[in-house]
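Chemist: Please find one structure pasted underneath; my questions will follow.
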Amino acid sequence: MTNEKMIFRNRVVDKGQLRNLISWAFTNYGTARTAVMADKLKDLGFRYATKAGVSISVDDLMIPPTKRLLLEAAEEEIRATETRYQRGEITEVERFQKVIDTWNGTSEALKDEVVVHFKKTNPLNSVYMMAFSGARGNISQVRQLVGMRGLMADPQGEIIDLPIKTNFREGLTVTEYIISSYGARKGLVDTALRTADSGYLTRRLVDVSQDVIIREFDCGTTRGLTIGPMTEGAKTLIPLATRLMGRVIGEDVVHPVTKELIAARNSPIPEDLAKKIEKSGVGEVVVRSPLTCEAARSVCQHCYGWSLAHAKMVDLGEAVGIIAAQSIGEPGTQLTMRTFHTGGVFTGEVAQQVRSKIDGTVKLPRKLKTRTYRTRHGEDALYVEANGIMLLEPTKVGDVTPENQEVHLTQGSTLYVFDGNKVKQGQLLAEVALGGRTTRTNTEKAVKDVASDLAGEVQFAEVVPEQKTDRQGNTTTTAARGGLIWILSGEVYNLPPGAELVVKNGDAIAANGVLAETKLASLHGGVVRLPEATPGKSTREIEIITASVVLDQATVTVQSSQGRNNYLVSTGNNQVFNLRATPGTKVQNGQVVAELIDDRYRTTTGGFLKFAGVEVQKKGKAKLGYEVVQGGTLLWIPEESHEVNKDISLLLVEDGQFVEAGTEVVKDIFCQNSGVVEVTQKNDILREVVVKPGELLMVDDPESVIGRDNTFIQPGEEFQGNVATELRYIQYVETPEGPALLSRPVVEFAVPDNPDVPSTTSVSQQTGRSIQLRAVQRLPYKDSERVKSVEGVELLRTQLVLEIEQEGEQDHNASPLAADIELVEDTENPEVQRLQLVILESLVIRRDITADATQGSTQTTLEVYDGLTIAPGSVVARTQILCKEGGEVRGVRKGTENVRRCLVLRDVDRLTINTSTQPKVKVGDLLVEGTEVAPGVFAPESGQVVDIKNAAAASGGESALSTKNYVITTRIGRPYRVSPGAVLQIEDGDLVQRGDNLVLLVFERAKTGDIIQGLPRIEELLEARKPKEACILCRRGGEVKVVYAESGDEAIAIKVVESNGVVTDYPLGPGQNLIVPDGSIVLAGQPLTDGPSNPHEILEIFFSLGSEDGIYACASLALQKVQTFLVNEVQMVYQSQGIDISDKHIEVIVRQMTNKVRIDDGGDTTMLPGELVELRQVEQVNEAMAITGGARAQYTPVLLGITKASLNTDSFISAASFQETTRVLTEAAIEGKSDWLRGLKENVIIGRLIPAGTGYNTYEEPGAIDDYAAEISSSVLDEVDDPLDMVLDDRTARTYNLDSPTLGESGFGSRRAERSVLDDEDELIADEVVDDDDFEEEEEDDEDDFDDE
């Protein structure tokens, strides 16, 4: 290179410049030489970095001296805000907002200061050099080092209104450090989650786009995409030149002024041409795009444009789908999910502020449309409803009348000055809303609790409560009009339940005076028992015996067996009862206390029970047994039953056989009685063997005796020639020897009508409660019940049951009484213990509470002593609630059924103001802090005036002499401002404790920019999910008319009037804010409210608009609108994070999401309704239908998310390898699908060569190779023939005709292909004639499955 060519450029080469340099070298000189240059640059950099020794020391961190002043100013402003809040001028929310915005502004101002300071004092400062050259770090990190860290968010994402005022150079305080670590932890968690999410996103993207391969040179489409620079508000995110680079022009570009041709159709756009087009001032250019490419199932070379890796036209067979997927997925890890990289530091978009340049007066023109509104800081301002200007009239200096200054205001701006206001230079006039997207800042409804700072009485001032009841019947009280809620100070006592006040409003009470008392009364009366304090039981229980019963003749003995005590009660008539309930336990009404021990009713075996004369209560529980009502005889027919459940082969006797006692009936089972065997078996399993004792009488004539089956024979009756001596039971049996009658013995048990009861004495109160023990006989079995048992059973039990009569107390709240079992010593003989049952009422006395913060202390006195008999309802103990400090009782509500709180107004709660002049206030006025109460005298604290006295008159002197001395007494209070719509949680006049919630303020806050950003937003877009709070889209274009609610400024609906007069209504839901002004013209598909748009809705709106060109044009238009929307939205997210991705990658993915339609009506085609088919395919079939005159298919375009699109590909192998494998494969099998192995994934799974790169078959058609060489030679061979470019890639090899070895006969067979007869101009229907031996090589080209239609 000669010296004449040397150009010296004197500029700083920072990160951006380096990038441009390398990109230029790469485009112009190829890979190898660029690599060498990059290497040299690296050496250069390292050499000088080493020489300079740039490093950061603590001294390099220079803190701007203005920091202190800035912080002081901010703190001053916040103090002022705090005062306004204390005075009730702004709500809690407005205070919070103001604090946050103040700190935010300060932080930003400080950041600018830092930069200025560095530039002024030391531009070679190493921190400054590093950050601003782009080597390491960025401005926000520098800000944290030398400015202030600023506001942080807590784990819930709420901003903490305590900023970190220090930086890392000064060091953080402990509090600041802890607040900092919130954000840091969040960042770590986020990174961990993000990598996983991002990886999965990449996987889905690859899956949806893996079969997009460049398969043609030119699809010949005339459609294209109109591209302009990408802007957000006034800021250009991506300039036009950048977006054009590497594209192919779709329509000739003509210079807007000279009308000369800049670039022709189908020419690629290198960097210089892109710059030239941008300079010429062309606003938008039509380019070819993968979105509009008409190649079937692929993208053609012209529509894709450059391969960005080589800055050359893309090759045939390039797998652009995979490249696109990776280009979008890879930066995913850099996208934030929630927090910013700065460790949770809050960054907010500050609106652009307009400050006055001069001193002067504000003049607002008449035609400027404004309405007053309250800003989020609680200040009054004007909202500009339509674009306009305001004038500043400068203050006259001398005779010169200077020019008026104009300030332009856009719709949505906020004016902080009013007509006629005087302003100083530098004063804030307005905040201009930034145009574009930021005006649709997403707001969300949020609520904030306001808790009371002091205890006292609630008083509403100007607040108008309004009650609403929802469908569930819950009532909410909201403030219809905003205003103040006052809490007037006083000590509030919470009274325990059941307490009765002993004072009334206005009473004076001394410290420790009684406010209220609770009485503890006995319900039933009786004898008082005060138990001694045992370790387990405290004396706070009082027992009152209401009734008792004693077994006076019976003695109780205790038998211990195996560690368990058995209590036996022996009565005078030699009966022994076993106690079923142990002493010290409670017994319920009707429970068994004891059971008689006797053996008279025991049987020896199981058997059959019949009643003779015995009657039992019908409704008995089988578990407890049946109570005997009337005595009689029980007849018991014994039989012996063995339950076996073994195999039938073990049976040693047969059914009906007579056996002697001791015979082995089943292996290891012997019978105990002689009798007839009855065997029950099922499925060769022996269930049971029953031996029925008795005598067997053989009969000859079965008919004559069949009537005697199951009857009794009385003693003395003659039967079958024998005279019976006792009662027998006759049964007919079939024995192996023949029919016979079995005469079975019967055992009789006599049951008396009433069992004898041990004697008792009972004591009962006059209340009519009585208690007694009753003896009951119970039978465990029913009449004719078979009892299976080998051992004996007990047929009758005699039990003692407790009975408590509750007279006149059928109401359920009288608890079911229980009796206590006790052992008492006999009065005459202390050795003997008697059994006593008592009914106790036990009352618990409250503990004495020493003064609790909210309750006052309590004191309890006992009114009874041990052994005293009391009447029902008498008071046993009373608890008094004492007042802590003296004062006046207030706030006792009349008429409310139970008083839960009362208030004592103490001296501490009052404040006296002395004034020598006549007061301006009257009793009952509510004053906020700083109000003038008399000329020159101001209220030191907020409160309510309770008294105004003339001191002289009060002292009893002549009032005429000194009227100059007034005393104003106020009751300290605290105002809280309530915004309209807030939910009230208290009522006027309520008493509240400190910390009780007063109201829920409902407010709208701008969502922090990063709530749904980054990955989640990209996922939402690519999965085509409906956004949570979507905006309302205009369905048809027209003029906007805003409908306001009656109350005034809140818009409740939008009407759009079309040109032909049709009106469409759009009601506004809660939290939806208008972004179109009244009277403006909107287009179809334009958002009317803020929030993200729903892509499905965009598609539907444009499809339903219709067009003259038929359904295909209509669907194409709708799809194109949605495609551009998606591409731009995805770009927005990446741009907001400073990541550059070429549009074409996103377009490839979006193309895959939007190439299907849902068939509504198949017409005469073979397609079914609901089927998802490619748009181009349907259109092809429809064209065929049009020729034959059949009915066309009707369809609706659909937008599929990437997961759904992957599962709906033509290739079932690819879909199955992605998700839901079994479902995909079974459905494919049922439908008999075939897979044409078009994509990469299918081929990898089957194990074939993939149809991309070297595996792509360029030589399908003779002559293709020649076109191909011509195609690329023009664009590639400009500077490649340079010996330095050592990298030899396939492209250059092909151009130099270094033929890559093709496979011979041994490979896939020779590939002979001819164009088919059906060859069509637009190449949509192309068919291959394939050799028979070419079966493995499936039709790879754009072969279509519908040729035979």
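Cβ atoms here come from the backbone N, Cα and C positions, even for glycine.
What Swiss-Prot records for Cys219, Cys293, Cys300, Cys303 is Zn(2+) binding site, and it gives sequence analysis as the kind of evidence. The feature region 'Disordered' is assigned by Swiss-Prot to 1298-1349. What Swiss-Prot records for 1319-1349 is compositional bias 'Acidic residues'.
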Chemist: Which of the three DSSP-derived classes (helix, strand, coil) applies to Cys293 (Zn(2+) binding site)?
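Modeler: SS state of Cys293 (Zn(2+) binding site) = coil.
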Chemist: Within 10 Å of the Cβ of Cys293 (Zn(2+) binding site), how many other Cβ atoms are there?
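Modeler: A count of 24.
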Chemist: Please report the DSSP secondary structure of Cys300 (Zn(2+) binding site), reduced to three states.
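Modeler: SS state of Cys300 (Zn(2+) binding site) = strand.
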Chemist: Per 10 Å Cβ neighbour count, which of the binding-site residues Cys219, Cys300, Cys303 ranks highest?
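Modeler: When each Cβ's neighbours within 10 Å are tallied, Cys303 leads.
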Chemist: Can you tell me the three-state DSSP label for Cys219 (Zn(2+) binding site)?
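Modeler: Where Cys219 (Zn(2+) binding site) sits, the three-state DSSP reduction gives coil.
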Chemist: Give the sequence-ordered set of same-chain residues, not counting Cys219, Cys293, Cys300, Cys303, with Cβ within 8 Å of the centre of the Cβ atoms defining the Zn(2+) site.
Modeler: Glu216, Asp218, Thr221, Arg288, Pro290, Thr292, Glu294, Ala295, Ser298, Val299, Gln301, His302, Tyr304
